[in-house]
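Have a look at the structure below, then the notes.
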Amino acid sequence: MDVLVQASPPNSPKSHLYSPSALKTKKNIETIQEQQNPHQDFSSSESPVINMNNDSISVQVDQKSRTNKRYIFLLVVNYLFLFVGSLSSSLLSKFYFNHQGSSRWVSTWVQSAGFPILLFPIYLPFYVFKCTDRRPFSLFTPKLLILSILIGLMLGLNNLLFSWGNSYLPVSTSSLLLSSQLVFNLILSVIIVKQKITFQNFNCVILLTLSSVLLGLGSSHDRSQGLTRVKYFIGFLSTIGAGLLFALYLPVMEKIYKKIYCYEMVIEMQLVMEIAATALATMGMASAGGFSEMKRESQVKFDRGARVYWVTVFANVVTWQLCFMGTAGMVFLTSSLTGGICMTALLAMNVLGGVLVYGDEFGGVKAVSTVLCGWGFCSYVYGMYLKMKEEKEMENKNQGMEMAHNAVAPNHIV
């Protein structure tokens, strides 16, 4: 079992504490680590982080470890967030544009403006439910704050490019271009986080990319009327830029998450990033008259009335937040490549959602695209299952060796 040793208040009922006298030397700390997991190599790059104060230290389970009891629960919850958020935001965005919504700044702003929702999972567990000893932002260093702000600004730029591309290009073309981010993601993951290329992930990338290409080619008749060559060129470059930025965002976040051992810090980082992205979008809206444009659009342009307009905007804010939170959780718990694969696989689900909700045409090309998407995604999930099964067998073997070790080990630190 992977552990994290961090500062905790004395006499805490939720953490196993060691007295200061037991921590006088580095050797004693290493002995504590060895007792928690006698077979883990603590000299590796992913060894537990030790944070101490004058009172005591506490040992917490590394929530990224696949042997952690909370791992599967967090994985399922975050994928549900990603699934619901991606599908719902796609359908709501189409509803917005189908009923004469046209503001690029509104489309940019709603992607990050839901950050206040994250305050609830950050502060309620400590201040209301009293179910954790970890104070919010207690391990949030200045370096982590600066990184979160910079990445948030990059995310805000990505949102803007996505909105520009989405406003000029038909959905099919936009989806086709965005699918290229998976290939970029694989390349950048190999460079930045040393991602190993296996048959499962390479096969999945190829199948999902082919699926998205077929999806775009099969929907070429969806081209908007009045789309000039200049607008098409702007939309093309904007969408490619959005795909590249997001492909860079995922492995960069994975590299940062390697130094983080609890899901709570992921939410805290996400809050700071979304605030930075929202600040960028708000400044853009203010300079371009975006807020007055929202009011005028709701009263004049939107053909379903102001009430439906604001409900659509609010629902978009919530669903985009679910989408980004699910993406961050998937990267934290698995890898940047897995997060990219899950998002690309959901492109086919968005197509099915359009068929079911809006009655879009579902021809043979789209059917083949959906099958390829399901094939590629299932092959990757099966590869993950085999890897988790292997790790479980290794854990059982280590537990047996640990029991034998504890039978002869001293019961206290000398």
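Keep in mind that glycine also has a Cβ here, set from the backbone N, Cα and C atoms.
Taken from TrEMBL, the feature region 'Disordered' covers 1-21. The transmembrane segment annotation in TrEMBL covers 71-93, 113-132, 144-164, 176-193, 232-250, 271-288, 308-333, 340-359, 365-385.
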Considering the transmembrane segment (271-288), which listed stretch of 71-93, 144-164, 176-193, 340-359, 365-385 counts the most C-beta pairs under 8 Å: 144-164
Contact between the transmembrane segment (340-359) and the transmembrane segment (144-164) (3 or more Cβ pairs under 8 Å, separation 6+): no
Within-chain partners of the transmembrane segment (71-93) [C-beta distance under 8 Å, separation at least 6 from its ends]: 63-65, 107, 166, 263, 312, 315-316, 319-330, 333-334, 342-343, 346, 349-350, 353-354, 357-358
